[in-house]
Structures are given as C-alpha cells and as structure tokens.
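Taken from TrEMBL, the feature region 'Disordered' applies to 1-65. Per TrEMBL, the feature compositional bias 'Low complexity' maps to 45-55. Marked as transmembrane segment by TrEMBL: 161-181, 193-214, 226-244, 256-274, 311-327.
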Amino acid sequence: MQRPTYGQSPPLHHPVPQHVSTVPQLRSPPPPTAQPQSHGYDGSPYPQQQQQAPQGGNMFGQYGNFMNDPTAQIATQFGQTAFRQGQDYLEKNVNRFVNVSALKHYFNVTNSYVINKLFLVLFPWRHKPWTRRQASDAGAGGGQEAWFYLPPRDDINSPDMYIPVMSIVTYVFLRTLFVGFRGEFEPELFGYIATRAIVMMALEILALRLGCYLLSISNQSQLLDLMAYSGYKFVGVIVTIAVSEIFNGGKGTGGWVGWTLFVYTFLANSLFLMRSLKYVLLPENNNTNQGPMQTMHPLDSRAKRSQRTQFLFAYSYPVQALLMWILCRP
C-alpha cells in the first residue's frame, strides 16, 4: 500500500526583527566647558537656567534695593532718633548720681599701666615718687590756668577702677573654683561671695566718707578715688588665696604658707594706701592754687593734721588687716 503524496510544503521562515536595537554603552559625561552662551549638554541631567549678573553691582538681586525703599528709610530714621533720645535721657538721669565723664577718667588705662600697677601694689617698697602728675589747661576758666590730674595711662600713681573691678570679679570666680574642687559647689555661692565683697566695700567707703566729713576733708573727686583705692586689696587677697590653696592642696588658706602670704600682701597693701592716700587726706600746705584737690587750708592747725594722720594710719593698717582676713577666710 502506497502512502499518498501531498503537495510540497512551503519553506520555513524565521522571524526577522523589524527594528534594530543596540545596547547603550555607558560612558562618563564629558567635563563641562566654560561657554557662557552654550545651550548644549553640560554634564547635568536636569535643565539649568542661565544666571545673569545683577546690574548696578547689586549682589543681592531684588532684595538689594531694600534700603532704597522709602518705608525702610523712614524706619531707619525713626530708630536713630529713638536711640539718640534714649541715650540723652539715660545720660541726664545717670549724671544725677554719677558723673559719667569723670568716671571715664578712671578707666583710661593701657596694658603697660595695668602690669606696672599690679607690680606696684604687690611690691611698693622702693617706689618713688608717690606724687601724682598734673597738667594745666590755660584756655579754661576765663584765661586762668586750670590744673587737673593726668589719667592713669599717663601716670602710674593715678588711681583707676579697671584693676579693682576685674579683681573683684576674679576673686568671686576664684573662691567658687576652689570650693568646687572640694566638691561643695552650689550655684548660690556666686551671689553670696559677690554680695559679701560688695557689702564690705560699701561699708568701708561709708566709714571713709564719715571720717572725711568729721575731719573736714573734701575735694572734687574724693568718692571716686576712695572707691578705687578700696578695691586694690583684692589683688593681695587673690594672690594669697591662689598660692596658699595650691601649696595646701585645696584645703584652705591656713598653714605657714597662707599666713606668710597674708602678712606680706597686707603690709604691701597698707604701705601702698599710706603713700597713695596722702594727697587726699594729707594735702601739702602751700599758698598756691595748683591742683584740683587742694583740700587743706594753709591755716589749719597741727592738731587737725595729726588727727588726719591717725585716721589714715588706722584705715591703712588695722582696718585693712580685718577686711583682708575676712576675705581670705574660706
């Protein structure tokens, strides 16, 4: 039996792709080129906007014209006027109690003055002279010469308030620091130590003023001078506390080191006050009117001068010994 024959089958055809696709090759973008007006590819996949330089030198753009706004100018003028009025009001009211212009005289210091003054307070033994330097102003007082003392930066013997103020601040932080080393620190110590120091100075100045009133001693800037001189004791107190605490291992200012330092700084401070306060409490008797603080009349008796000398000695030695001992106590 024969197999029936069929017609010839068509040839097989494989599908031919209609669109040729190629695998993309990954390449790093080329480095950007400095072309100010180029709009082509710059290495970033996001479109960028071309920045234009601000006109007229205004680097802040649309906000640079803020000060040219009339409203801003009015606000600026109003603020300046309010500031000047507040400053004038403050000066008028403060000058009722404190002469600000005279107070600036005591802060007119330099670095060299501060170093030399500290050395003088601690080592006053061989210092000479102790008199303050004066200068004259022939144009003041209707043609008469007006004498005034030079500021601290020009005279080592001139009192200042920079060293006393900084000494009080240093004293407060130093005492608090050593208390913290012993593990007994409390935030209230700052207020307690500062209050005690300020109250002691206030009582000291009050006693000085009372003594000057009873002895008929007065001058133009007596109060400010006494405030300045009453603060120099803190220099010796700071040296005594710092050195004795280091030698005693933070156990206080006792021991032979502490007492030796205390006696030395007390004697140095007392001699410094005796020599420095002489022009305030014991002015020289002369018939000239030179000097802004000529306090003693030429006809004053020797008895009054002797009383002033005793008052100066009592303040410089017994009173200073008591105050410095209280300040050095832990």
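Backbone N, Cα and C define each Cβ position, glycine as well.
Between the transmembrane segment (226-244) and the listed ranges 161-181, 193-214, 311-327, the one holding the most Cβ pairs under 8 Å is 161-181. Long-range contacts of the transmembrane segment (161-181) within the same chain, counting only residues at least 6 positions beyond its ends with a Cβ under 8 Å from a Cβ of the stretch, are 103, 106-107, 109, 114, 117-118, 121, 152, 189-190, 193-194, 197-198, 201, 224, 227-228, 230-232, 234-235, 237-238, 241-242, 245, 250, 327, 330. Long-range contacts of the transmembrane segment (311-327) within its own chain (CB-CB distance under 8 A, at least 6 residues past either end) are made by residues 171, 197, 200, 204, 207-208, 211, 215, 233-234, 236-237, 240, 262, 265-266, 269-271, 273-274, 277-278, 281-282.
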